[in-house]
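Comments concern the structure below.
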């Protein structure tokens, strides 16, 4: 770490000489568990006595704003509030008024109306045609021709209202698309972008030094880095970006102020899947551009005059694309990052990157203008320590952390970071093993699209690759068994028939449930969770319901009629345990497999809340309720077991329990979205009322009365004889 700090000091000021140096910088590298390494050097201002640049140095981060904004927008996509293919002109009508800049007649711009939709996906991947009026020469020329004085950094609607460089979707152009997406979020939620981000990103992650209004954040002024500008002779002069103190909008593309430490907290949570579901993360890291759009991106990024801005860490010609959030390298970069990593930068030369393959992310914060200034490139090309180009897979993980060594946020210049991460890896071998690179076939399966729901990315092996029992792909998660269509059909039929005759064979019921839930039904249930805030939280945390996670002795000590006491009382009365639920094996998508596992482990809570016993009659009644609530086919098939009931039980099922099940299952809240672990101390009657569930007639009392009536009749008959 000392050598790493030495490299940073080599490129930062020590005295008054700023030639070919930076005033200061700070970096943080993280994995899903926390900080791997961090460092800082230099000072925040020109005065030699100025405060040292540190992880908590506060500054404007320009386009590093985009990833938190896109994260918030993708949360709305998960909730079903908006879709990536929605035409955002319906949400933000002002977008529909923007015209296409076709060229110039002398000094006068030639404009024509746009007739194409402007989708959310276009805005987030920079193919809408919108540019930045401080960067694009044609847009700057247009602004001058019409006498425009403001620009996008005014953070108002007028500032973002520039013409399209081309019809939406026809090429790639870096610009204000994410700003417009932030406006759409405000229109859809009725909140400001900052308020939504505070509630759904900053607060959950623990970010205290981030926001769109720096003067409203306490204690940041003494540690604020005002900025510097590189001059032609290589020296620096003071420079502060003229950002407005008062503005109409909170710019989703470039309005954020933060610190390296705070942004690293965001990246850790982002990488760990705490802010978005795995489905959303896969979508964001999927290349979004067609060949024509990619050509536009590569033409811009590899322009010799601009490569230091967009992609200084990549050799010219490396295949790249845009994801939803940043730039993707489509091939491994030896000694740097794995294929499919994402990164982006900002006008002040700060930069972040996320390498999901190795499970490492990082951020580098500086505050030096202009974008792409040369000293960053020098630090980027700092020679690596010999031996850090190992081809070993685990060493490549270390190289991913070593990516942080430059001010561009890609530490390819620091071989010592290779050693830092090697030490970290040896002390946390389990975390390293969990990042072992999946097979090509597994990645192919994970990128497939569910035939029943084109918007859902699936890992379904049986629906995306032809294989046989002798040509079976690797499992997608521990215990997973990929099935061919024939195998899945055979399991569905065979297990269903056998469980009809023996409904107490839980393994058969589990196999029936998994074989019949795909491709449509389990995705429908997963989407129901994505559309609900609590459901999304369950998907992120993936809690398991076991005797240890719930602590059954503590539940037994709860007051009577609480959910926890009712649950454990039901377990004790019926002689069952939460640990008997089999793990899911035959659902290909890992996220959907968890949804099925969650349903399976919550089943006993449904019994406890309804009071239905595990007798065949009670189980069939509960399965009818579950079918109306979840539409899982296995629960519907289970109703055929009513044919095996005694005549009196069957009449009671069709006259009493089936009507109750249909009525309550259809109208109640989707129970898959109940976080049962958080409801344990609630009154069970209050929870039933909140969920919209009527308590069914007590089957035990009914049977008890029937037994008493039979006994009474038998006594009468005996006395009559």
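Placed from the backbone N, Cα and C atoms, the Cβ positions cover glycine too.
Source: prediction; values computed, not measured.
The domain 'Beta-lactamase-related' annotation in TrEMBL covers 21-375.
The helix, strand and coil residue counts that DSSP assigns across the region 'Disordered' (216-237) are 4 helix, 6 strand, 12 coil. Marked as region 'Disordered' by TrEMBL: 216-237 (among others).
The region 'Disordered' feature in TrEMBL is assigned to 376-398 (among others).
Residues or ranges marked as compositional bias 'Basic and acidic residues' in TrEMBL: 386-398.
Counting only same-chain residues at least 6 apart in sequence, those with a Cβ under 8 Å from the Cβ of residue 603 (Zn(2+) binding site) are 581, 622, 626. Residues annotated as Zn(2+) binding site in TrEMBL: 603, 604, 607, 619.
Remote same-chain partners of the region 'Disordered' (216-237), defined as residues 6 or more beyond its termini with a Cβ less than 8 Å from a stretch Cβ, comprise 18-24, 44-46, 51, 53-54, 56-60, 209-210, 257, 348, 367-370, 373-375.
A sphere of 10 angstroms centred on the C-beta of residue 604 (Zn(2+) binding site) encloses 22 other C-beta atoms.
Cβ contacts within 10 Å of residue 619 (Zn(2+) binding site), excluding its own Cβ and spanning all protein chains shown: 19. Here residue 607 (Zn(2+) binding site) comes close to 570, 574, 613, 614, 618, 622: these same-chain residues lie at least six apart in sequence, with C-beta atoms under 8 angstroms from its C-beta. Taking the centroid of the Cβ atoms of 603, 604, 607, 619 as the Zn(2+) site, the other same-chain residues with Cβ within 8 Å of it are 605, 606, 612, 614, 622.
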